[in-house]
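Here the structure comes first, spelled out in structure tokens, and everything after it is commentary.
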Amino acid sequence: MRRIAFVVKKGEKVPREVDRALNECLKARGIEILRDEPFKDVEAIVVLGGDGTLLRTAALAYRLDVPLLGINLGRLGFLTEISLDEVYTALDLLAQRRLDIEERMLLTVTANGHPSPPVLNEVAIVKGPLGRIIRLFTAADGSFITTYTGDGLIVSTPTGSTAYSLSAGGPIVHPALEAIVLTPICPFMLSSRPLILPAGAEIEVCLAAEAEDVVVILDGQSSFHLPPEGRLRIKKAERPLRLFTSPTKCYFDILRRKLKWGDPARPED
């Protein structure tokens, strides 16, 4: 590895342990560290911050077609898997090209013929702050599913199943799977339940009745208004995002710690 990009959450200082690891694991091996765009010819992007910082950087990594390594300074950190106590090990393995990589499915959104950047977590179609409940006609591959009536609808990836979708009552889907999750937000009918669809399905969402204010939010980072005649088409992106994984923790270790599940001790045989 010859060159990496280093992205830091705005306003954050680089902790001493991270600075030491950058110097001893990367610079000492002659690896160039770029801190400002354009990140020309980089082979990886290291993100220091929380999941929000990683989500903001995901589109750049997708465009450059390079993997992302997330160092967690945030509170939750499902995506920024690397904790400060394992930074040295992770960057040492990164320099040797021995750090494992996972592929994460992305979504693309087309609104009235205009495509959006790829989405890692979810597309949320929600009513405005003062709006009434909204009715969303929803179909998959041209087949009508239902009209969701409530505060909105979340269309998420498996990665996003532990984000907004989870707080709305959606299922946890292992990120190694490829699927699309539909999770209604505060549905009017209790029979409106989350639905898991094949990753190859193309989801179509449009307003079934005129609404005052409907907003489409992409990964919690950007948004646009959906006009009354607006139509969304959501489908799997052409290629995945690549994420470096923790060298010491598996997915279930992270899930158990973040969701504060029970005692990790193994029962006696």
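Heads up, the Cβ atoms here are built off N, Cα and C, so glycines get one too.
The structure displayed is predicted, hence computed values, not measured ones.
As recorded in TrEMBL, the features of this protein are as follows:
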- D51: active site, proton acceptor (ACT_SITE)
- D51, G52, R56, N121, E122, R132, D151, T162, A163, Y164, S165, L166, S167, Q221: NAD(+) binding site (BINDING)
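The structure, with features from TrEMBL marked on it.
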{"residue": "D51", "record": "active site, proton acceptor", "DSSP (3 states)": "helix"}
{"residue": "R56", "record": "NAD(+) binding site", "DSSP (3 states)": "helix"}
{"residue": "E122", "record": "NAD(+) binding site", "DSSP (3 states)": "strand"}
{"residue": "D151", "record": "NAD(+) binding site", "DSSP (3 states)": "coil"}
{"residue": "A163", "record": "NAD(+) binding site", "DSSP (3 states)": "coil"}
- Note on the structure: The number of other Cβ atoms within 10 Å of the Cβ of D51 (active site, proton acceptor), counted over all protein chains shown, is 23
- Query: Taking each of the binding-site residues R56, E122, D151, A163, S167 in turn and counting other Cβ atoms within 10 Å of its Cβ, which one has the fewest?
  - Reply: S167
- Measuring CA to CA, name the entry from the binding-site residues E122, D151, A163, S165, S167 that ends up nearest the residue listed as 'active site, proton acceptor'. A163
